[in-house]
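Per TrEMBL, the features are as follows:
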type	residues	note
BINDING	Cys106, Cys110, Cys113	[4Fe-4S] cluster binding site
BINDING	Phe112, Ser330, Ser352	(3R)-3-methyl-D-ornithine binding site
BINDING	Glu218	S-adenosyl-L-methionine binding site
DOMAIN	92-325	domain 'Radical SAM core'
Amino acid sequence: MDAGSDSPSAQAGPSAPTAAAAAAGTATAVGTPAAVDQTAADQTVSSVLARAADGGRITADEALLLYTRAPLHALGRAADAARRRRFPDDIVTYIIDRNINYTNVCVTACRFCAFYRAPGHKEGWVRDVDDILTRCGEAVELGATQIMLQGGHHPEFGIEWYEGTFAAIKRAYPQLALHSLGASEVVHIARTSGVSFTDVIVRLRDAGLDSFAGAGAEILTERPRHAIAPLKEPGHVWLSVMETAHGLGLESTATFMMGTGETNAERIEHLRMIRDVQDRTGGFRSFIPWTYQPENNHLRGRTQASTIEYLRLVAVARLFFDNIAHLQGSWLTTGKEVGQLTLHMGADDLGSVMLEENVVSSAGARHRTNRTELIHLIRAADRTPAQRDTLYRHLVVHRDPAQDPVDDRVASHFSSTALPIVATT
Ligand code: SF4
């Protein structure tokens, strides 16, 4: 491991010492031992990039080498080649879904979270089942195929609350995929109800849960995870719950919130932990990295991942995850233009229109889009847009711009109220 890359403040980038020396007028002379070392390092980077682009497996140490040393354009080219090996048709997908938050009351008090309120706080709220069903109905009317139910760890919500809510949604809207909760919720429900993780997963599945979201992964590496979420389950427990769920037929996604003070090595370790589980289960459908948002939370924005760091991580993820099919770029946290750029760094999915989102936007994410714009963004990035479902099956491939759907209502909303534009129609 590169000691220099192990500092939280170290910027990932190619050959930083050499560039600094050149800027300072002290560039390494050709033929010196330092120049020979540099040439050997460059050759190693090139050889690892070529192997990864060809579909070969790279180690975590090699991933760290690429993350910290590979030139950005070469990294993107290799990641794009790896993406095209899987998806030679250049289709990039998006989904229409709605994040419905059932409560903001939470006992876990993550330091990066701007959404939660402690039990008893005057701004705490709970949505009843009727409200949730109304929101599902609005989403269906706008073409949503997926609901992400997510919320705080309410001290009084046991397994029965989730069973009743999921069953009610499935009764009313059997066409909606319930891609919801995550390993952290399983841990919380098991504790609240006094049952095992396995029992929680089986009962959620039987009540209608189709797959788990990757929420709660944050960073799985122990040191930074404990620093930002000391009351959350350790990373190995999060992975163990996911592994159990995969074995019981519930697939999931895996996420990464980067930029809360972790080192470059800890970033790569997060990827390694996920890949090891994926080798055993094959249950992660996609990997979704995004960046920590700094407003209104206890970390107070002291750290944040830069755009370059994010793009490099996306590219390395495509090269490292030879066993996860899909890679999503985040327009919500990094902006629409950066989202477009991820499509040239190995991403094959641009996420959701997000008919409703309250959690990340509470912490400062202000980006919004709509279906028409998302399609345009993908096409302008020289890819073919397609609406997908939760299983990444293509529902509509938008090959002809003249046939693009136009509906201003299919747009992002950052609010905890029902969509007003739907309520009045
Ligand atoms: S991230 Fe989730 S578990 Fe953590 S405080 Fe926020 S709502 Fe609670």
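Here the Cβ of each residue, glycine as well, is placed from N, Cα and C on the backbone.
Whatever TrEMBL says is automated annotation, not expert-curated.
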Suppose we screen the binding-site residues Phe112, Glu218, Ser330, Ser352 by Cβ distance to ligand 1 with a cut-off under 6 Å; which survive, in sequence order?
none
How long is the line from the C-alpha of Cys113 ([4Fe-4S] cluster binding site) to the C-alpha of Ser330 ((3R)-3-methyl-D-ornithine binding site), rounded to the nearest angstrom?
18
In sequence order, what residues of the same chain, 6+ apart, have a Cβ less than 8 Å from the Cβ of Ser330 ((3R)-3-methyl-D-ornithine binding site)?
Ile288, Pro289, Trp290, Thr291, Gly339, Thr342, Gly351
Restricting to the same chain and to sequence separations of six or more, state which residues have a Cβ under 8 Å from that of Cys110 ([4Fe-4S] cluster binding site).
Tyr116, Glu218, Ile228, Ala229, Leu231, Lys232
Near-site residues: [4Fe-4S] cluster, ref Cys106, Cys110, Cys113, CB cutoff 8 A to centroid:
Thr108, Ala109, Phe112, Phe115, Tyr116, Gly152, His153, Ala229
Could you round the CA separation between Ser352 ((3R)-3-methyl-D-ornithine binding site) and Cys106 ([4Fe-4S] cluster binding site) to a whole angstrom and send it over?
26
Distance between Cys106 ([4Fe-4S] cluster binding site) and Phe112 ((3R)-3-methyl-D-ornithine binding site) at the Cα atoms, whole Å?
13
Just counting, how many other CB atoms are there within 10 A of the CB of Cys113 ([4Fe-4S] cluster binding site)?
22
Would you measure the largest Cα separation among Phe112, Ser330, Ser352 for the (3R)-3-methyl-D-ornithine site and round it to whole Å?
23
Which three-state DSSP class does Ser352 ((3R)-3-methyl-D-ornithine binding site) fall into?
strand
